[in-house]
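Student: Dropping a structure here in C-alpha coordinates format, bear with me for questions.
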Amino acid sequence: MEGFKILVPISLLVLAFSFATASDPSPLQDFCVALRDAQNVFVNGKFCKDPKLVKAEDFFFSGLNMPGNTSNQLGSKVTLVNVEQIPGLNTLGISLARIDYAPYGGLNPPHTHPRASEILVVMEGTLYVGFVTSNPNNHLITKVLYPGDVFVFPVGLIHFQFNIGKTNAIAFAGLSSQNPGVITIANAVFGSKSRINPDVLSKAFQLDENVARYLQSRLW
(Lines of atoms letter the chains of each structure in order from A and count residues from 1; the text may use other names and numbers.)
(Lines give C-alpha, C1' and ligand atoms only; values in the text may rest on other atoms or scores of the structure.)
Protein backbone atom coordinates (compact mmCIF):
# COMPACT_ATOMS: atom_id res chain seq x y z
CA MET A 1 0.00 0.00 0.00
CA GLU A 2 2.85 2.40 0.84
CA GLY A 3 4.38 1.68 -2.53
CA PHE A 4 1.09 2.48 -4.21
CA LYS A 5 0.89 5.86 -2.39
CA ILE A 6 4.33 6.76 -3.70
CA LEU A 7 3.60 5.48 -7.22
CA VAL A 8 0.49 7.66 -7.69
CA PRO A 9 2.18 11.09 -7.28
CA ILE A 10 5.15 9.93 -9.34
CA SER A 11 2.79 8.84 -12.11
CA LEU A 12 1.00 12.20 -11.98
CA LEU A 13 4.32 14.05 -12.19
CA VAL A 14 5.37 11.98 -15.20
CA LEU A 15 2.00 12.66 -16.86
CA ALA A 16 2.25 16.39 -16.16
CA PHE A 17 5.78 16.44 -17.55
CA SER A 18 4.60 14.70 -20.74
CA PHE A 19 1.94 17.40 -21.23
CA ALA A 20 4.43 20.17 -20.53
CA THR A 21 6.78 18.81 -23.18
CA ALA A 22 4.09 18.12 -25.77
CA SER A 23 5.37 20.84 -28.13
CA ASP A 24 8.21 20.56 -30.62
CA PRO A 25 11.26 18.93 -29.00
CA SER A 26 14.24 21.07 -28.05
CA PRO A 27 17.29 20.55 -30.27
CA LEU A 28 20.22 18.58 -28.89
CA GLN A 29 22.70 20.08 -31.34
CA ASP A 30 23.29 23.37 -33.16
CA PHE A 31 20.86 22.52 -35.95
CA CYS A 32 19.27 19.66 -37.85
CA VAL A 33 18.67 20.80 -41.43
CA ALA A 34 15.85 18.69 -42.86
CA LEU A 35 16.59 16.33 -45.72
CA ARG A 36 14.18 16.89 -48.59
CA ASP A 37 14.86 13.55 -50.28
CA ALA A 38 13.98 11.22 -47.37
CA GLN A 39 10.99 9.73 -49.19
CA ASN A 40 8.43 7.35 -47.69
CA VAL A 41 9.87 7.69 -44.19
CA PHE A 42 7.62 9.08 -41.47
CA VAL A 43 9.07 10.36 -38.22
CA ASN A 44 8.12 13.13 -35.80
CA GLY A 45 10.13 15.73 -37.68
CA LYS A 46 12.75 15.32 -40.39
CA PHE A 47 16.02 13.48 -40.83
CA CYS A 48 19.12 15.65 -40.57
CA LYS A 49 21.52 16.63 -43.29
CA ASP A 50 25.20 16.03 -42.60
CA PRO A 51 26.32 19.29 -40.89
CA LYS A 52 29.35 19.41 -43.16
CA LEU A 53 27.01 19.76 -46.16
CA VAL A 54 24.86 22.53 -44.70
CA LYS A 55 24.80 25.87 -46.55
CA ALA A 56 23.28 29.31 -46.04
CA GLU A 57 20.35 28.50 -48.32
CA ASP A 58 19.18 25.88 -45.81
CA PHE A 59 18.31 28.73 -43.43
CA PHE A 60 16.96 31.20 -46.00
CA PHE A 61 13.66 32.17 -47.62
CA SER A 62 12.92 35.12 -49.88
CA GLY A 63 9.63 36.65 -50.92
CA LEU A 64 7.63 37.76 -47.89
CA ASN A 65 7.76 41.30 -49.26
CA MET A 66 5.52 40.16 -52.13
CA PRO A 67 1.73 40.59 -51.67
CA GLY A 68 -0.32 37.40 -51.65
CA ASN A 69 -3.10 36.95 -54.21
CA THR A 70 -6.40 37.63 -52.42
CA SER A 71 -8.58 37.10 -55.51
CA ASN A 72 -10.51 34.17 -54.05
CA GLN A 73 -13.78 33.52 -52.22
CA LEU A 74 -12.30 34.37 -48.83
CA GLY A 75 -10.30 37.39 -49.93
CA SER A 76 -7.16 36.28 -48.14
CA LYS A 77 -3.85 34.56 -48.78
CA VAL A 78 -1.56 32.89 -46.25
CA THR A 79 2.09 32.57 -47.24
CA LEU A 80 3.73 29.98 -45.02
CA VAL A 81 7.37 29.81 -44.03
CA ASN A 82 7.75 26.55 -42.14
CA VAL A 83 10.14 23.60 -42.26
CA GLU A 84 9.01 22.79 -45.80
CA GLN A 85 10.28 26.17 -47.02
CA ILE A 86 13.31 26.49 -44.69
CA PRO A 87 14.84 23.09 -43.87
CA GLY A 88 16.97 24.71 -41.18
CA LEU A 89 13.82 25.25 -39.08
CA ASN A 90 13.77 21.54 -38.30
CA THR A 91 13.78 21.02 -34.48
CA LEU A 92 13.82 24.79 -33.81
CA GLY A 93 10.14 24.96 -32.87
CA ILE A 94 9.24 28.12 -34.80
CA SER A 95 7.68 29.15 -38.11
CA LEU A 96 6.27 32.24 -39.76
CA ALA A 97 3.42 33.30 -42.02
CA ARG A 98 2.40 36.38 -43.95
CA ILE A 99 -1.35 36.94 -44.28
CA ASP A 100 -2.82 39.29 -46.88
CA TYR A 101 -6.45 40.42 -46.67
CA ALA A 102 -8.56 42.05 -49.38
CA PRO A 103 -10.45 45.26 -48.52
CA TYR A 104 -14.03 45.14 -47.25
CA GLY A 105 -14.05 41.73 -45.66
CA GLY A 106 -10.94 39.71 -46.49
CA LEU A 107 -11.13 36.77 -44.09
CA ASN A 108 -8.72 34.25 -42.66
CA PRO A 109 -11.57 31.92 -41.65
CA PRO A 110 -12.06 30.17 -38.31
CA HIS A 111 -9.30 27.60 -37.93
CA THR A 112 -6.97 26.00 -35.40
CA HIS A 113 -3.27 25.16 -35.23
CA PRO A 114 -3.10 21.80 -33.44
CA ARG A 115 0.59 22.11 -32.64
CA ALA A 116 1.25 25.82 -32.07
CA SER A 117 0.32 29.05 -30.37
CA GLU A 118 0.34 32.09 -32.65
CA ILE A 119 1.41 35.70 -32.17
CA LEU A 120 0.09 38.11 -34.82
CA VAL A 121 1.35 41.61 -35.62
CA VAL A 122 -0.58 43.92 -37.95
CA MET A 123 1.52 45.83 -40.46
CA GLU A 124 -1.21 47.51 -42.51
CA GLY A 125 -4.98 47.89 -42.28
CA THR A 126 -7.58 47.22 -39.62
CA LEU A 127 -8.38 43.68 -38.48
CA TYR A 128 -11.15 42.30 -36.30
CA VAL A 129 -9.62 39.21 -34.67
CA GLY A 130 -10.66 36.73 -32.05
CA PHE A 131 -10.63 33.24 -30.62
CA VAL A 132 -13.09 31.00 -28.78
CA THR A 133 -12.20 29.27 -25.52
CA SER A 134 -12.74 25.54 -25.05
CA ASN A 135 -15.86 23.79 -23.68
CA PRO A 136 -17.93 24.34 -21.68
CA ASN A 137 -17.63 28.14 -21.76
CA ASN A 138 -16.90 28.74 -25.46
CA HIS A 139 -16.15 32.37 -24.59
CA LEU A 140 -15.44 34.64 -27.57
CA ILE A 141 -12.47 36.98 -27.04
CA THR A 142 -12.14 39.67 -29.72
CA LYS A 143 -10.22 42.83 -30.49
CA VAL A 144 -9.89 45.35 -33.32
CA LEU A 145 -6.24 45.68 -34.32
CA TYR A 146 -4.41 48.51 -36.06
CA PRO A 147 -0.87 48.77 -37.50
CA GLY A 148 1.66 47.91 -34.83
CA ASP A 149 -0.84 46.01 -32.67
CA VAL A 150 -0.06 42.47 -31.52
CA PHE A 151 -2.48 39.68 -30.55
CA VAL A 152 -1.95 36.11 -29.33
CA PHE A 153 -3.98 33.00 -30.18
CA PRO A 154 -3.44 30.12 -27.72
CA VAL A 155 -2.55 26.70 -29.08
CA GLY A 156 -5.41 24.62 -30.44
CA LEU A 157 -8.17 27.24 -30.06
CA ILE A 158 -10.40 28.28 -32.96
CA HIS A 159 -9.47 31.76 -34.16
CA PHE A 160 -9.92 34.12 -37.12
CA GLN A 161 -8.96 37.48 -38.64
CA PHE A 162 -11.33 39.72 -40.64
CA ASN A 163 -10.45 42.89 -42.55
CA ILE A 164 -12.99 45.55 -41.57
CA GLY A 165 -11.13 48.34 -43.35
CA LYS A 166 -11.43 49.93 -46.77
CA THR A 167 -7.85 49.08 -47.75
CA ASN A 168 -5.71 45.97 -48.01
CA ALA A 169 -4.44 44.59 -44.73
CA ILE A 170 -1.20 42.74 -43.98
CA ALA A 171 -0.18 40.81 -40.89
CA PHE A 172 2.72 38.56 -39.94
CA ALA A 173 2.28 35.60 -37.61
CA GLY A 174 4.89 33.73 -35.59
CA LEU A 175 4.03 30.17 -34.57
CA SER A 176 5.57 27.96 -31.90
CA SER A 177 6.17 24.93 -34.13
CA GLN A 178 8.25 24.14 -37.18
CA ASN A 179 5.08 22.62 -38.65
CA PRO A 180 2.05 24.00 -36.76
CA GLY A 181 -0.60 22.47 -39.02
CA VAL A 182 -3.93 24.12 -39.75
CA ILE A 183 -7.51 22.85 -39.55
CA THR A 184 -9.98 25.16 -41.30
CA ILE A 185 -13.24 24.40 -39.52
CA ALA A 186 -15.67 24.76 -42.43
CA ASN A 187 -13.44 22.79 -44.82
CA ALA A 188 -12.81 20.01 -42.32
CA VAL A 189 -16.45 19.59 -41.32
CA PHE A 190 -18.33 20.22 -44.56
CA GLY A 191 -15.57 19.48 -47.06
CA SER A 192 -14.10 16.29 -45.61
CA LYS A 193 -13.13 13.48 -47.95
CA SER A 194 -15.01 11.18 -47.67
CA ARG A 195 -18.12 13.12 -46.69
CA ILE A 196 -19.45 13.06 -43.14
CA ASN A 197 -22.95 11.60 -43.06
CA PRO A 198 -25.38 14.58 -43.39
CA ASP A 199 -27.43 13.13 -40.53
CA VAL A 200 -24.44 13.69 -38.26
CA LEU A 201 -23.97 17.28 -39.43
CA SER A 202 -27.65 18.19 -39.33
CA LYS A 203 -27.92 17.02 -35.72
CA ALA A 204 -24.58 18.48 -34.59
CA PHE A 205 -25.29 21.92 -36.08
CA GLN A 206 -29.09 21.77 -35.61
CA LEU A 207 -29.61 22.21 -39.35
CA ASP A 208 -32.10 20.83 -41.81
CA GLU A 209 -30.45 17.90 -43.59
CA ASN A 210 -30.87 19.67 -46.95
CA VAL A 211 -28.92 22.64 -45.59
CA ALA A 212 -26.13 20.31 -44.43
CA ARG A 213 -26.03 18.70 -47.88
CA TYR A 214 -25.94 22.15 -49.52
CA LEU A 215 -23.01 23.24 -47.36
CA GLN A 216 -21.19 20.05 -48.23
CA SER A 217 -21.77 20.70 -51.94
CA ARG A 218 -20.26 24.16 -51.58
CA LEU A 219 -17.04 22.86 -50.03
CA TRP A 220 -16.73 19.43 -51.68
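Each residue, glycine too, has its Cβ placed from N, Cα and C.
Nobody curates TrEMBL annotations by hand; they come from automatic prediction.
Relevant sequence annotations retrieved from TrEMBL are reproduced here:
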type	residues	note
SIGNAL	1-22	signal peptide
DISULFID	Cys32-Cys48	disulfide bond
DOMAIN	62-213	domain 'Cupin type-1'
BINDING	Asn108, His113, Glu118	oxalate binding site
BINDING	His111, His113, Glu118, His159	Mn(2+) binding site
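I would like each feature placed in context: is it buried or exposed, what are its neighbours, and how far apart are things?
Tutor: Around the Cβ of Cys48 (disulfide bond), 17 further Cβ atoms fall within 10 Å across all displayed protein chains.
Packing around Glu118 (oxalate binding site) is summarised by its Cβ count: 22 other Cβ atoms lie within 10 angstroms of its Cβ, all protein chains included.
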Student: Same chain only, sequence gap of 6 or more: which residues have a CB within under 8 Å of the CB of Cys32 (disulfide bond)?
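Tutor: Listed in sequence order: Gly45, Lys46, Cys48, Lys49, Asn90, Thr91.
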Student: Quick one: Cα separation, His111 (Mn(2+) binding site) versus Glu118 (oxalate binding site), in Å?
Tutor: 12
Student: Using an 8 Å cut-off from the Cβ centroid of His111, His113, Glu118, His159, can you name the remaining same-chain residues around the Mn(2+) site, in sequence order?
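Tutor: Along the chain, the qualifying residues are Thr112, Ala116, Phe131, Phe153, Leu157, Ile158, Pro180, Val182.
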